[in-house]
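J.: Pasting a structure below so you can have a look.
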Amino acid sequence: MLIAALYICALVFGASEATNADLIVEDTQPNCPTGWQYGSPFKSCYFMASQSLNWPDAQVACENIGGNLASISSSQEYAFLIRLAYAANPLYMTWIGLHAINNMSPFQWADGTPANYSKWLQGQPSDFGGLCVGWRTTYGDNSDGWRNIACESQQQFICKQSAEYCPNGAQSGSSGSVSSSNYPKNYENNLNCIYQIVVQAGLRVNLTFDDFDTETTYDRLYIFDGPNIQSPSLKNLTGHSPKGWNDSIQSSGNSMALFFHTDSTNTFRGWHANWAAISLNESFCPNGQQSGYTGPLTSPNYPNNYDNRLDCLYRITSTSKLARIRITFDYFYTESCCDKLTLYDGPTIHSPQIKTLSGTMPGGTNYTSTGYVMTLLFHTDYSVNYKGFSASWISVA
């Protein structure tokens, strides 16, 4: 597995300009998987399991269908759920997500919800009870409530997950931001969310990510060069970005569409990006984060001339922490006085310098780090530009 496991695939095509007819109308009504009950005030889905399991197995069973043993965070949610629980299991205790790690730790919810609400039966929790909490749902005379019992007991249980919810997907103007639902909290399972960004005709969209954290392979963001998901593909992203990562993607026309798909299990923090309208001839630094065993590295616009006033940061990370990075240049031509590429022996520009390169040098020139990370900074001044550089890197022992 790659250390910085952000897997990226990219194809770039042309795109036509968006019109009003292309605008996306996004259905933002939350919904639940089949067999789950939607609780509108709580934006959550609930599943009443008919099988009886011990508490750990019940929690795993909930995770396997996209949730956790249920948390209850208010008297309103308690009142909503007790009707469902009593209808499904009127005679016996029902597992909920409240539990303790050991006899000295406080009770906590399995899904991480703060334990600010409680409805214990009289005399509970008991010092002589267990570490897991069952719910007595019998109505009348305050006979309903929670009791801590042995986790090995076999009980029916309630699962809970966030309702599927896509944020408003249509944006326009000169700048803004987009993110996965609930960001920076975890997104939901079973999402198929569409986003659309449209800027003024004659401009294009620059989208810059500053965070990306999804289930590798199964939860994926697709980016399209045009107003809808039938437009040509620009890139798709999945996995986990390294700390400090950022990546910019530009459309060729005045619109960009995004499609975020998640499967039925495992959720993460998600992603966040800022967007801005830019001129058609404005350029940016290429993706500076690379990891794995080998890869290419070029200056912006190569083999065309790079731009003025650049400060482009590149960071190369080997898959193996026992390896080193060797970079080999097959072409190098910059303004000798003022446009420079500096190589650093580590993860930041504060790491020891390996070499500062400027002007020209013969093809085949190479440099090697002492560790598994190399950082490069390409700086250009306000005038005179050339083709720049083309290089490849490889992990070596």
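Glycine is treated like the rest: Cβ placed from N, Cα and C.
Bear in mind that TrEMBL entries carry predicted annotations, made automatically and left uncurated.
Got these off TrEMBL a minute ago, pasting:
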SIGNAL    1-18  signal peptide
DOMAIN    45-160  domain 'C-type lectin'
DOMAIN    166-278  domain 'CUB'
DISULFID  C166-C193  disulfide bond
DOMAIN    285-396  domain 'CUB'
DISULFID  C285-C312  disulfide bond
J.: Rounded to a whole number, how many Å is the Cα of C285 (disulfide bond) away from the Cα of C193 (disulfide bond)?
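T.: So the alpha carbons of C285 (disulfide bond) and C193 (disulfide bond) sit roughly 29 Å from each other.
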J.: Whole-number answer please: how many Å between the C-alpha atoms of C193 (disulfide bond) and C312 (disulfide bond)?
T.: 32
J.: Within 10 Å of the Cβ of C166 (disulfide bond), how many other Cβ atoms are there?
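T.: Its Cβ shell of radius 10 Å holds 20 other Cβ atoms.
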J.: Would you count the other C-beta atoms found within 10 angstroms of the C-beta of C285 (disulfide bond) for me?
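T.: Within a 10 Å radius of the Cβ of C285 (disulfide bond) lie 18 other Cβ atoms.
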J.: How far is it from C312 (disulfide bond) to C166 (disulfide bond), counting Cα to Cα, in Å?
T.: 34
J.: According to DSSP, which of helix, strand or coil covers C193 (disulfide bond)?
T.: strand
J.: Averaging the per-residue pLDDT over the domain 'CUB' (285-396), what integer do you get?
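T.: Averaged over the domain 'CUB' (285-396), the predicted model reaches a pLDDT of 91.
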J.: Tell me which of the disulfide-bonded residues C193, C312 sits in the most Cβ-dense spot, judged by other Cβ atoms within 10 Å.
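T.: Comparing the disulfide-bonded residues C193, C312, the most crowded Cβ belongs to C193.
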J.: If you run the three-state DSSP split on C285 (disulfide bond), which class comes out?
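T.: Once the DSSP labels are grouped into three classes, C285 (disulfide bond) ends up as coil.
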J.: Could you tell me which three-state DSSP class C166 (disulfide bond) falls into?
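T.: In the DSSP reduction, C166 (disulfide bond) maps to coil.
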